[in-house]
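Colleague: Pulled from Swiss-Prot, these are the listed features:
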type: COMPBIAS; residues: 474-490; note: compositional bias 'Polar residues'
type: MOD_RES; residues: 203; note: phosphoserine
type: MOD_RES; residues: 237; note: phosphoserine
type: MOD_RES; residues: 478; note: phosphoserine
type: REGION; residues: 467-490; note: region 'Disordered'
type: REPEAT; residues: 51-84; note: repeat 'TPR 1'
type: REPEAT; residues: 94-127; note: repeat 'TPR 2'
type: REPEAT; residues: 136-169; note: repeat 'TPR 3'
type: REPEAT; residues: 172-206; note: repeat 'TPR 4'
type: REPEAT; residues: 207-240; note: repeat 'TPR 5'
type: REPEAT; residues: 241-274; note: repeat 'TPR 6'
type: REPEAT; residues: 415-448; note: repeat 'TPR 7'
type: REPEAT; residues: 450-481; note: repeat 'TPR 8'
């Protein structure tokens with residue numbers, strides 16, 4: 001094939017609607033457990049949805065450098081489309097054909113790539129468009145793919161677009177409900193339960209949406225009503241991993257930690273390489289320690305050994321999470337709700353000394369900025385912390401965070417010292433040592449929590465040694481800023 005033809009392919013391929021043009025992953029970086037989760041869904045999903053997952057799996061295989069395996073996944077997708085959507089096979093195959101063209105292009109098999117480009121062109125010509133068409137099922141295909149890759153805002157747009165053409169389509173409605181649920185953590189995007197209820201009405205067998213409705217009702221202080229939906233979903237889909245995982249989250253929030261651990265462990269049986277699940281189980285064990293401390297059980301005879309055992313379980317699962325590839329920054333993010341509950345309510349207590357309030361305002365500010373939950377809330381707490389300290393130097397630090405971090409010149413009482421050390425160990429490949437540093441950083445943040453939860457992460461001597469540091473009122477950088485700074489060292 002001539003160079004001219006190769007150049008023409010390079011102009012055409014970006015016009016194809018498929019995984020290679022949807023910008024699914026930042027810098028083509030895929031989380032280690034995504035392939036496991038996609039394979040799990042292929043095993044448990046209804047046949048009509050499997051083609052979507054095979055297409056995504058093909059793209060993941062390509063990113064891993066395994067293009068032959070990618071082609072096999074595309075063959076599976078093509079066969080399933082022919083079986084399940086024979087009357088719409090050509091249109092439903094457009095995404096698969098686009099993926100074929102891209103994979104063959106990367107393999108250097110340009111004539112094969114051209115064959116699939118021509119297939120797309122022949123189908124799209126019927127709709128007066130050379131290489132792409134507007135079609136609700138294609139929007140839905142992209143929506144499910146974006147959703148699986150964590151791009152919830154884009155998924156929402158895709159499902160909304162599909163519903164404009166077919167407003168009562170059960171699949172489109174379920175997709176929109178799931179996308180909106182995942183966006184619900186952002187205050188400006190909160191929604192009513194009507195979207196989830198409509199999805200259940202149109203798809204009464206979709207047990208995952210029922211669990212999401214249960215979680216939403218729990219947030220609205222209607223836990224008993226929500227639990228009915230969760231129990232029904234577990235009864236009807238006892239092996240569906242997304243149902244089990246979300247139900248575990250419900251029971252963790254409820255405080256039924258043993259039930260949550262049981263459900264998370266059942267999910268691990270199907271996806272044993274999912275570091276996030278190990279992390280969640282570790283958090284449950286930490287919460288069990290907190291429960292015992294809050295009720296005074298930790299002082300009872302024989303319970304000290306149990307406390308130590310629970311702490312060890314928590315540490316073991318946290319370390320296992322890192323061994324399985326969980327990014328420590330993600331673990332830090334997942335603890336946001338836990339951290340806020342434990343020690344970020346300090347600024348609202350009028351009896352707390354001003355110095356302590358100022359520290360807490362700043363930590364709350366950093367946490368909000370990192371999670372992206374609310375810039376307004378972050379700014380508010382940052383300014384309130386400043387007004388308490390009345391120090392111009394602190395104002396400058398919040399207004400303009402430092403852009404460089406000195407290598408290994410920081411004293412141990414410097415802000416976020418252990419967090420930076422953890423990043424360094426992680427970059428050097430020493431995940432276990434990184435985990436220990438992150439635990440100490442969490443302990444530093446939680447040291448003055450009323451429940452004493454900081455003792456999970458720090459020894460008694462470290463708790464005492466750090467008291468002076470906590471009283472200095474130093475302004476800490478947020479995790480995102482620290483990551484940016486650490487990358488500048490390399």
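Backbone N, Cα and C atoms are what each Cβ position is placed from, and that goes for glycine too.
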Colleague: Look over the recorded stretches 136-169, 207-240, 241-274 and say which has the most C-beta pairs under 8 A to the repeat 'TPR 1' (51-84).
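Modeller: Answer is 136-169, with the largest number of Cβ pairs below 8 Å.
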Colleague: If one looks at the chain holding residue 237 (phosphoserine), which residues at least 6 apart in sequence have a CB under 8 angstroms from its CB?
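Modeller: Residue 237 (phosphoserine) has long-range Cβ partners 207, 208, 243.
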Colleague: Across all the protein chains here, work out how many other Cβ atoms are within 10 Å of the Cβ of residue 203 (phosphoserine).
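Modeller: Around residue 203 (phosphoserine), other Cβ atoms within 10 Å: 18.
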Colleague: How does the model score the repeat 'TPR 7' (415-448) in terms of mean pLDDT?
Modeller: 70
Colleague: Cβ under 8 Å, sequence separation of at least 6 from the ends of the repeat 'TPR 3' (136-169): give me the contacting residues as numbers and ranges.
Modeller: 17, 19, 22, 24-25, 34, 37-38, 41, 49, 52-53, 55-56, 88, 91-92, 94-95, 175-176, 178-180, 182-183, 202
Colleague: In which DSSP state, out of helix, strand and coil, do we find residue 237 (phosphoserine)?
Modeller: coil
Colleague: What residues elsewhere in the chain lie close to the repeat 'TPR 5' (207-240), defined as a C-beta under 8 angstroms and at least 6 residues from its ends?
Modeller: 44, 174, 177-178, 181, 184, 193, 196-197, 199-200, 246-247, 249-251, 253-254, 270
